[in-house]
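If you check TrEMBL, you get these features:
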{"type": "REGION", "residues": "A:1-189", "note": "region 'Disordered'"}
{"type": "COMPBIAS", "residues": "A:8-17", "note": "compositional bias 'Polar residues'"}
{"type": "COMPBIAS", "residues": "A:24-35", "note": "compositional bias 'Basic and acidic residues'"}
{"type": "COMPBIAS", "residues": "A:44-110", "note": "compositional bias 'Basic and acidic residues'"}
{"type": "COMPBIAS", "residues": "A:134-159", "note": "compositional bias 'Basic and acidic residues'"}
{"type": "COMPBIAS", "residues": "A:166-189", "note": "compositional bias 'Basic and acidic residues'"}
{"type": "COILED", "residues": "A:305-332", "note": "coiled coil"}
{"type": "COILED", "residues": "A:639-706", "note": "coiled coil"}
{"type": "ACT_SITE", "residues": "A:Tyr718", "note": "active site, O-(3'-phospho-DNA)-tyrosine intermediate"}
Amino acid sequence: MSGDYSHNDSQIDSGSRYNVLLTDSHKHKEKYKEKEHKHKEHKKDKDRDKSKYSNSEHKDYSEKKHKDKEKERLKHKDGSSDKPKDKYKDKEKRKEEKLYDGRLKKEKENGFASPLHVKSEPESDDFYLSPKSLKRERDDDDSEYKPKKMKVENEDKSEKKAKKRKQEDEVREKKTKDKKGEVADGKKKAKKEPEEKWKWWEEERYTDGVKWKFLEHKGPVFAPPYEPLPEHVRFYYDGKPMRLSPEAEEVATFFAKMLDHEYTTKDVFRKNFFKDWRKEMTSEEKGKITDLNKCNFTEMHEYFKAQSEARKQMSKEEKQKIKEENERILQEYGFCIMDNHRERIANFRIEPPGLFRGRGDHPKMGMLKRRIRPEDIIINCSKDSKQPKPPPGTKWKEVRHDNKVTWLVSWTENIQGSIKYIMLNPSSRIKGEKDWQKYETARRLKSCVDRLRAQYREDWKSKEMKIRQRAVALYFIDKLALRAGNEKEEGETADTVGCCSLRVEHITLHPEKDGQEFVVEFDFLGKDSIRYYNKVPVEKRVFKNLQLFMENKQPEDDLFDRLNTTILNKHLQELMDGLTAKVFRTYNASITLQQQLKELTTADENIPAKILSYNRANRAVAILCNHQRAPPKTFEKSMQNLQTKIDAKKEQLADAKRQLKSAKADHRVCKDEKSKKAMEAKKKAVQRIEEQLMKLEVQATDREENKQIALGTSKLNYLDPRISVAWCKKWGVPIEKIYNKTQREKFAWAIDMADEDFEF
DNA sequence: GTTTTGACTTAGGATTTTTTGC
DNA sequence: GCAAAAAATCCTAAGTCAAAAC
């Protein structure tokens with residue numbers, strides 16, 4: 001393994017990226033509303049222009065303009081159009097690409113099945129076991145499932161290492177024993193096995209798309225049925241009490257429960273709610289209730305508030321009883337048996353009915369999310385398993401036995417018509433393997449990222465508009481860790497974008513800004529309607545290209561009009577096996593953590609200071625990935641409290657120092673054992689208080705810096721846990737300081753396999 | 001070839017539980 | 001023992017991406 005894990009700063013300056021984001025990204029909350037409004041306006045425009053926008057005439061039109069301009073700049077080989085939908089052209093282009101990519105293609109083909117490719121893998125490390133000689137205990141008939149040469153296989157190969165042969169042998173031995181007992185043994189072991197955790201990462205993976213061979217579970221837990229309100233809790237319409245039918249009442253309670261939430265003041269929310277509510281009313285109710293503004297839910301609202309208050313005030317015994325009941329349900333429904341192992345299910349409870357809460361400006365907010373019944377549910381399990389029983393008097397929609405998927409239960413939700421699933425916990429083998437594989441892909445990107453960067457920089461000069469756009473988009477995805485940006489159906493969801501779906505209105509070009517040349521100002525709403533705001537100096541060629549892409553376009557036109565995620569990912573797939581746009585996010589996040597940890601950690605710091613360094617490294621990644629959070633409501637107050645504590649501690653320290661001084665003086669005079677002891681004690685006290693003070697100060701810094709930044713998302717989804725584990729081992733920081741219990745369960749594989757010199 | 005669907009990961013906010021400091 | 005704060009967990013929406021359907 002090369003010792004170089006620097007992040008090629010000549011091309012990608014993560015340092016500046018970090019700083020720019022730090023200073024700008026979070027300052028602009030005020031502008032948010034304004035921007036939101038702007039989006040709405042644009043949307044209107046867009047609706048108006050929709051046909052124009054998507055039809056080819058428009059493309060031809062802008063095409064022509066592009067072409068005219070391009071003619072000046074580029075020598076067009078054949079003068080043909082660049083139109084992306086032009087079939088002939090496309091074929092030709094593909095040919096060209098093929099020709100051009102011949103070298104890469106070959107490399108890939110070779111690599112696919114031969115050691116050449118393996119070479120391009122990061123050198124395998126000590127922590128890898130050879131899966132070769134290890135067999136899944138459940139694979140008693142492996143011949144039938146002979147692994148094909150597949151992508152995963154490549155990774156497996158790279159992970160082989162003979163170093164832990166001894167251990168392997170042990171495992172193998174164990175497995176032979178296990179085989180005799182098979183299922184029964186597996187179950188028994190699973191039930192009382194808490195100490196001995198199963199190390200799935202020491203076993204061979206399925207490589208043929210099979211996800212499991214045996215799956216048994218109890219089905220989902222349904223939402224509790226609706227309990228009508230007591231008589232005394234009334235709903236008023238136009239000032240008069242009115243009894244509602246149970247169906248209408250239930251929906252009304254959904255609204256009543258949310259009364260002090262901002263949602264209920266939003267027009268769209270109210271409109272959608274009212275429309276769906278009326279669908280649940282009897283014709284009599286429908287006739288009466290015609291205006292939401294005349295509805296008074298406050299009594300209902302108060303009732304629910306009182307109820308939740310009462311729940312808090314419950315006696316210890318009552319609380320204990322509820323806890324036990326929950327535990328019982330968890331034990332019964334919260335686990336499944338998958339391939340001899342009892343594994344935790346993530347979301348075994350069906351989502352209860354309620355009002356849809358979209359994020360941002362969601363056009364469907366307030367709609368009724370209907371109750372899911374057994375008849376809506378598809379069960380997935382093994383044929384030879386004990387199938388879950390539907391509640392008495394009901395039926396499942398379907399029971400299927402598809403072992404090419406990982407879900408246990410699915411249903412179709414009524415807001416977007418999408419499918420929801422019940423799947424396993426992140427600590428499960430099936431999730432863990434995938435997670436591990438994700439980081440291995442990112443590590444493979446590390447070994448070829450230089451080549452890729454060189455290529456996209458070349459492509460900035462391409463004759464073909466499509467290729468230029470692709471190359472500039474890729475540059476953003478790499479440098480700024482933007483998301484891919486799939487197209488989304490308009491009017492169905494909030495108006496948010498990613499890289500490929502950026503519109504002209506989302507960027508502003510500044511030839512010169514704040515003393516820097518070629519600055520691009522980004523301002524758009526990304527996933528979950530989280531605002532991305534950033535000013536980035538870019539290379540001249542990128543800047544000029546952006547100018548070209550923006551020429552003769554309306555603000556609501558696509559910036560990359562000849563690009564989408566499919567085109568981009570197809571290209572990436574050709575550059576590296578398994579490469580997609582999101583791999584860049586994983587790669588850049590992980591490499592940044594590793595780099596920052598190296599930079600920020602100093603040997604002589606104590607543990608709290610080291611943890612601060614870790615959090616700062618983590619924070620650099622969160623900023624890069626734009627993981628924001630609303631500042632906690634109590635932030636200012638808790639910050640003040642902390643400051644008070646710090647001041648008090650300082651005073652205490654000064655006092656202790658004074659006492660030490662006088663004790664020293666005493667000792668100088670008396671020179672006896674007693675005074676010496678007193679002096680030592682005071683010394684210790686000063687030391688202790690200094691440490692406490694330091695801890696508080698570190699805490700304050702950490703908290704202040706973390707005000708609007710969420711560390712959890714990157715920690716859980718983007719940072720190769722082996723980097724953190726290695727760091728902990730190297731500096732003697734207990735892993736518990738970095739990962740809580742759940743996180744340790746999720747990352748058990750990494751904690752077990754990474755040693756202190758793991759390199760991402 | 002394009003659009004739609006399905007399966008899965010990633011995401012922030014809400015809620016619950018635990019810890020802290022008195 | 002209590003209230004407040006912090007941390008952990010739950011919840012489910014909103015993305016990505018590839019395969020299936022058209």
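Just so you know, glycine gets a Cβ as well, placed from its N, Cα and C.
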Mean predicted confidence [pLDDT] for the coiled coil (A:305-332) | 86
Report, as numbers and ranges, every residue of the chain located at least six residues beyond the coiled coil (A:305-332) whose Cβ falls under 8 Å of a Cβ in that stretch; write 'none' if there are none.
-> 218, 221
According to DSSP, which kind of secondary structure is A:Tyr718 (active site, O-(3'-phospho-DNA)-tyrosine intermediate) found in, if we only use helix, strand and coil?
-> coil
